[in-house]
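The active site, proton acceptor annotation in Swiss-Prot covers LYS175, HIS294. Per Swiss-Prot, the feature substrate binding site maps to ASN123, THR173, LYS177, ARG295, HIS327, SER379. Summarising the annotation, Swiss-Prot assigns Mg(2+) binding site to LYS201, ASP203, GLU204 and lists sequence analysis as the type of evidence. The N-acetylproline annotation in Swiss-Prot covers PRO3. Here Swiss-Prot flags LYS14 as N6,N6,N6-trimethyllysine, drawing on sequence analysis. The N6-carboxylysine annotation in Swiss-Prot covers LYS201. Feature annotation from Swiss-Prot assigns site 'Transition state stabilizer' to LYS334.
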Amino acid sequence: MSPQTETKASVGFKAGVKDYKLTYYTPEYQTKDTDILAAFRVTPQPGVPPEEAGAAVAAESSTGTWTTVWTDGLTSLDRYKGRCYHIEPVAGEENQFIAYVAYPLDLFEEGSVTNMFTSIVGNVFGFKALRALRLEDLRVPPAYSKTFQGPPHGIQVERDKLNKYGRPLLGCTIKPKLGLSAKNYGRAVYECLRGGLDFTKDDENVNSQPFMRWRDRFVFCAEAIYKAQAETGEIKGHYLNATAGTCEEMIKRAVFARELGVPIVMHDYLTGGFTANTSLAHYCRDNGLLLHIHRAMHAVIDRQKNHGIHFRVLAKALRMSGGDHIHAGTVVGKLEGERDITLGFVDLLRDDFIEKDRSRGIYFTQDWVSLPGVLPVASGGIHVWHMPALTEIFGDDSVLQFGGGTLGHPWGNAPGAVANRVALEACVQARNEGRDLAREGNEIIREASKWSPELAAACEVWKEIKFEFPAMDTL
């Protein structure tokens, strides 16, 4: 008989409860290139040793349960169990540890973010022996990432589709986010695109409400896109939110967007779920649609420093599940986002190979091989005075999205769009000439406003607006 299935009825098995660390804490283990590696921030209950806490995480997120079971003898735990292979204290924190866990690749279904998360962050987060638990990072091996399609198109293909190079893309979320009729909504889209923006956007909670049904919105937005393209000679788009109550309805909306000939649709990937998101990403690649991703609900999961899932993990999961854009914070706007941490997961979204760098919160070297990259979207409380910093922080491969910073212009939507486009072009030109955007940014904007009355008006309106609060999530 195979040693995996051999049992001895006369001996039976030793029933009862035993410490997790006896089986799942293996500091001598050498990780394999095919292992999925996880870094957990563990806060044990008083009296629980860190080795037992780390082993409990490895056990409960893989093959373990609370007691010994006779069916353990029917398989090879050494082959399938998760292993806590290293534990280190968190500097400056009492009774917090980083527990490193290795998972064999055979534990996970190919091409399924849903299955990966169900194992790694499933029941274990409610484990009583832990006061708190946070998944800080994952190392996804090429052997697993290659089972995913990833983004429908990626950064280079998107630039080729839009014929836009050498600068960040400009967007705008239509406001008020709820309450407009479809025709008035389309009018706002047209004015913003005509003024110089590349994209406009449905807000995350715009789906198909009584005041504006999705089909009407799609039709009027498509009309706005075609009219703005004819006037400007540029390719334009609007993120039509296909998020719906069922996957079938979501795909139906994406099909209608394709029939209208628009370039991009949108999905709320956390509230919609990874299964729905992956299905939509596959449809988008097959049918030539770009896919914009909103991260609504992320702060419920990632904002607390000692419990939940860090956004860098959610960003990696999105790259695997599929999306061409994803909101990534602004550093300088109204939403949470510390600079080094933000730049860490921005690199994880865009680059092919990212070295371990604990100063930016990156616990593992990540090799994406040929998986396409995702454009980070900076959105939330930003305006023209932020343009130099945003251009310097995010670089060309990004989308800078101004909602109130466009629609709040005193002269209207189109002048607001003009102001943002002029500010962006001025910053890109100054950077290309070798000027320091971080040091000379305000002067660059003032110089540009001398020949752009739209920019001058925007500068006056938002000269005193700041969002200066300490970040909750720090290294």
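Each Cβ is built from the backbone N, Cα and C atoms, and glycine gets one as well.
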Those recorded positions listed as LYS175, ARG295, and which of them has the most Cβ atoms within 10 Å of its own Cβ: ARG295
Nearest-integer angstrom distance between the alpha carbons (Cα) of THR173 (substrate binding site) and LYS201 (Mg(2+) binding site): 5
Binding-site residues listed as ASN123, THR173, SER379, least Cβ neighbours within 10 Å: ASN123
Mg(2+) site, defined by LYS201, ASP203, GLU204: further same-chain residues with Cβ within 8 Å of the Cβ centre: THR173, ILE174, LYS177, ASP202, ASN205, VAL206, TYR239, ASN241, MET266, HIS294
Neighbours of ASP203 (Mg(2+) binding site) among the recorded positions ASN123, LYS177, HIS294, HIS327, SER379 (Cα to Cα, within 10 Å): LYS177, HIS294
Those binding-site residues, out of LYS177, GLU204, HIS327, that come within 10 angstroms of HIS294 (active site, proton acceptor) at the Cα: GLU204, HIS327
ARG295 (substrate binding site) - helix vs strand vs coil (DSSP): coil
LYS177 (substrate binding site): secondary structure state under DSSP, collapsed to three categories: coil
Structural state of ASN123 (substrate binding site), classified by DSSP into three states: helix
Neighbours of GLU204 (Mg(2+) binding site) among the recorded positions ASN123, LYS175, LYS177, HIS327, SER379 (Cα to Cα, within 10 Å): LYS177
Intrachain C-beta neighbours of LYS177 (substrate binding site), sequence separation six or more, cut-off 8 angstroms: ASP203, ASN205, VAL206
Packing count at LYS201 (Mg(2+) binding site) (other Cβ atoms within 10 Å of its Cβ): 29
Inter-residue Cα distance where the pair is LYS201 (Mg(2+) binding site) and ARG295 (substrate binding site), in Å: 14
